[in-house]
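Asker: Dropping a structure here in structure tokens format, bear with me for questions.
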Amino acid sequence: MSSALLHLLGLCLLLPAYSLLAAAQTAPAPQTIRLQSRVVPVEATLRRRALNPVTVPLADFFLGTDLQWFGNLTVGTPPQTVSVVFDTGSSTLEFASTLCGAPCDNQVKFDSSKSSTFVDGGTTSSITFSTGVGVDPVVGANYRLTLRSGRDTVGIGGLSAPATSLFLITNQTAKFGIDPFSGIQGMGARAQGLFASLVSQGLPSLFSLYLTPKAVGNAEMTVGGIDSTKFAGNLTFASVANANSNTWSLTSPQLFVNGKTTTVLKASRNVIFDSGTSNILFPTATANAMYALISADIAPHAAEPGAYGIACDKIGSLPAVIDIGFTSQNGVAFNLTIPSSELNVGPFADNPAICQTLINAFDGLSLVGGSVLKHYYSVWDVGGHRMGFAAI
Ligand SMILES: *[C@@H]1O[C@H](CO)[C@@H](O)[C@H](O)[C@H]1NC(C)=O
Ligand SMILES: *[C@@H]1O[C@H](CO)[C@@H](O)[C@H](O)[C@H]1NC(C)=O
Ligand SMILES: *[C@@H]1O[C@H](CO)[C@@H](O)[C@H](O)[C@H]1NC(C)=O
Ligand SMILES: *[C@@H]1O[C@H](CO)[C@@H](O)[C@H](O)[C@H]1NC(C)=O
């Protein structure tokens, strides 16, 4: 099971590749650290020993479609490798540990007893997930992570953050075991945990994602910088909708599908960017308005509330270009474009003749992820409260 966590207004939603929707009983207490501006006072600069950006390779979790991208951290002393999804929809770090028995057996487990720097935080919490929609129906099931708080040294690409707040997974619903990674590193819009520590050591307060389709490969994340070898044109920057929020979201004045718009699609909305989610989510009326411009044959999939589908033999030829309009910091309109090739998410498990379509209905939220991000180089400027995009 994919496991991107979106912490939104105190609510913790699981909005992963399979678009499960979740509510936290007890969300892991995020470690909140004062925002670091990228433009730091001179004295602070002099006191600091600047860190240089590092780039880490990312692997693609692909199941019929590109679901999530994950890479390695090291945790503890001596360092143990822990693979995580770098998830812009959440903020904390959690991963499988040896405190978790059989349910975590398919994953590499961190052994805190072998780390001389591990400190037990003493608190236990859990996150439960109720199902929403996805290619792998789990209606009625409860998905749960049980967590134990702690602190340890966390490293990435040779950079190191001592005494970083983290959560050990001590139990999980067995189905999480299909994840080819051990956990999640939240990369929310306010610096916390690992990233905040690196920024306080002098790393520039931004990171960049190059999330490629599996066929292209070489996906990577650069922490503290921008890898300008990965795109040709200019980056276009837009200010985040709310500079105080931990959520990466931009205000979109308008959506277009196949070059057309409607009254419903012309509404201004804040669109969340979640690298841990592959489908896109819009309120039901918006989803229906979008599908109306694609095909009358796309229908809600009864087995999974919020999911839609169409006969797999009809989906391949459907034009479904989605342009999400934004406005740059310079006041210039630009679109982020999802090509027609993203429409097909793959066959439903309960009916393989029906293929799930990209847009999920979810009232109260507009959210995009991998299906748009993999067509752009993206810069997540934490200190500058803005996001940058360049076509790749
Ligand atoms: C993570 O590290 C393991 C070895 O510890 C390596 O096999 C794997 O390729 C690494 N993954 C990535 C995405 O770099
Ligand atoms: C682990 O979680 C499963 C499923 O939620 C539950 O049935 C089981 O009792 C839990 N095991 C422990 C040791 O808490
Ligand atoms: C990039 O920006 C520079 C400076 O504003 C401009 O001269 C150039 O034409 C731009 N390139 C593209 C591909 O838009
Ligand atoms: C955005 O896409 C729509 C629909 O294709 C198009 O009409 C509009 O001109 C585009 N806007 C920009 C700034 O490219």
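Placed from the backbone N, Cα and C atoms, the Cβ positions cover glycine too.
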Asker: Could you tell me which of Cys104, Cys312 is bonded to Cys355 by a disulfide, according to TrEMBL?
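Answerer: Here TrEMBL pairs Cys355 in a disulfide with Cys312.
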Asker: When you measure from the Cβ of Cys312 (disulfide bond), which residues in the chain that are at least 6 apart have a Cβ under 8 Å away?
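Answerer: Long-range Cβ contacts: Asn344, Pro347, Pro352, Ala353, Ile354, Cys355.
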Asker: Which value does the mean pLDDT take for the domain 'Peptidase A1' (69-390) in this predicted structure?
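Answerer: It averages 93.
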Asker: From the Cα of Asp87 (active site) across to the Cα of Asp274 (active site), what is the distance in angstrom?
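Answerer: Pair distance, Cα basis, whole Å: 7 Å.
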Asker: For Cys312 (disulfide bond), what is the secondary structure by DSSP, using just helix, strand and coil?
Answerer: helix
